[in-house]
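Chemist: Below are the features listed in Swiss-Prot for this protein:
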- GLU92, ASP115, LEU117: Mg(2+) 1 binding site (BINDING)
- ASP115, ASP118, GLU280: Mg(2+) 2 binding site (BINDING)
- ASP118, GLY119, SER120, SER121, ASN211, TYR244, TYR262, LEU263, TYR264, LYS274: substrate binding site (BINDING)
Amino acid sequence: MSGLRTLGEFIVEKQADFPHASGDLSSLLASIRLAAKIVNREINAAGLGDITGAVGTENVQGEDQQKLDVYANDKFKAALEARDQVCGVASEEEDEAVAFNKELNQNAKYVVLMDPLDGSSNIDVNVSVGTIFSIYRRVSPIGTPPTEEDFLQPGHKQVAAGYVIYGSSTMLVYTTGNGVNGFTYDPSIGSFCLSHENMMIPEDGKIYSINEGNYIRFPQGVKKYIKYCQENVPEDGRPYTSRYIGSLVADFHRNLLKGGIYLYPSTQSHPQGKLRLLYECNPMAFLIEQAGGLASDGVNRIMDLKPTELHQRVPFFVGSKNMVNKVEEFLELNREED
């Protein structure tokens, strides 16, 4: 037990590397840690209480809100507001950004964007789900309510990002721009403990993750990349293995550990893609680049995109560097056919 480093201890250690740090970001991360524990407890008991299934309402994207979506959203909002380090949040479950109105919150330096429960439709069948978060330093004046500009910042302005995966074990993975570290929740002591230090994704992988049920609607470049993945070329390590869970956090986490690529391209029904730039793609892009991988919309680096609206969608290709480069090649060569 003496060799364990908890998330709290790790954050304090890293803060010591920056003598002029105020500790606000450390406190903010502690709020996320607390909310993750509460949500984890509820997910673990989801089959025993009236917490699964749909609420009967839709979010701004037109998706059915699950009971756990609403629960997780409320818990993360409450935890972030209570610590006074956050002036406002944007969430998949909220039509507009939420400003915290207490004076202490308006004096806060940070805004948080989040998907409180990614993959929540999988809860009823006991498949891994997750929370995704992204932290920015506000651009509006301290002491005033947050503005839309605080949230519509490109991904390269992020100061921290991460996710929590609620699976066979619960893990919190995050970066502040100095590498990626993972912490596994130990329920016996109620703490996240460092289990995966300085996580790096292999430059090549053997896994591709995409919903092939939409194959007929994919751009030609993506169709040809899938065929490339399936070709029998043993000297090149192909065919690759197809693995798709349907939960971004779960698919991303596996590929981060093992090497691979996650693809959610544009389709005929979703020409702008389906994943949200601000609270799904940007945080995952920050993590993957810190781990040695790449994230792209098929043409541009994800973190260079300038957001124009809160719930903006983009095509998303993320994972091992060489695999993302390869799918970009296929998209470029076949763009005129689409």
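Glycine too: its Cβ is placed from the backbone N, Cα and C atoms.
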Chemist: Roughly how many angstrom lie between the C-alpha atoms of ASP115 (Mg(2+) 1 binding site) and GLU280 (Mg(2+) 2 binding site)?
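Modeler: Roughly 7 Å, rounded to the nearest whole number.
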Chemist: Report, in whole Å, the straight Cα-to-Cα distance of TYR262 (substrate binding site) from GLU280 (Mg(2+) 2 binding site).
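Modeler: Distance (Cα to Cα, whole Å): 13 Å.
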Chemist: For ASN211 (substrate binding site), which DSSP three-state class applies?
Modeler: coil
Chemist: I need the CA-to-CA distance for ASN211 (substrate binding site) versus LEU117 (Mg(2+) 1 binding site), whole Å please.
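Modeler: A Cα-Cα distance of 20 Å.
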Chemist: Per DSSP, to which secondary structure element type does GLU280 (Mg(2+) 2 binding site) belong, with helix, strand and coil as the options?
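Modeler: Assignment for GLU280 (Mg(2+) 2 binding site) reads helix.
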Chemist: Can you tell me how spread out the substrate site is, meaning the largest CA to CA distance among ASP118, GLY119, SER120, SER121, ASN211, TYR244, TYR262, LEU263, TYR264, LYS274, in Å?
Modeler: 20
Chemist: Tell me, in order along the sequence, which binding-site residues from GLU92, TYR262, TYR264 have their CA within 10 Å of ASP118 (Mg(2+) 2 binding site).
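Modeler: For ASP118 (Mg(2+) 2 binding site), the binding-site residues whose Cα atoms are within 10 Å come to GLU92.
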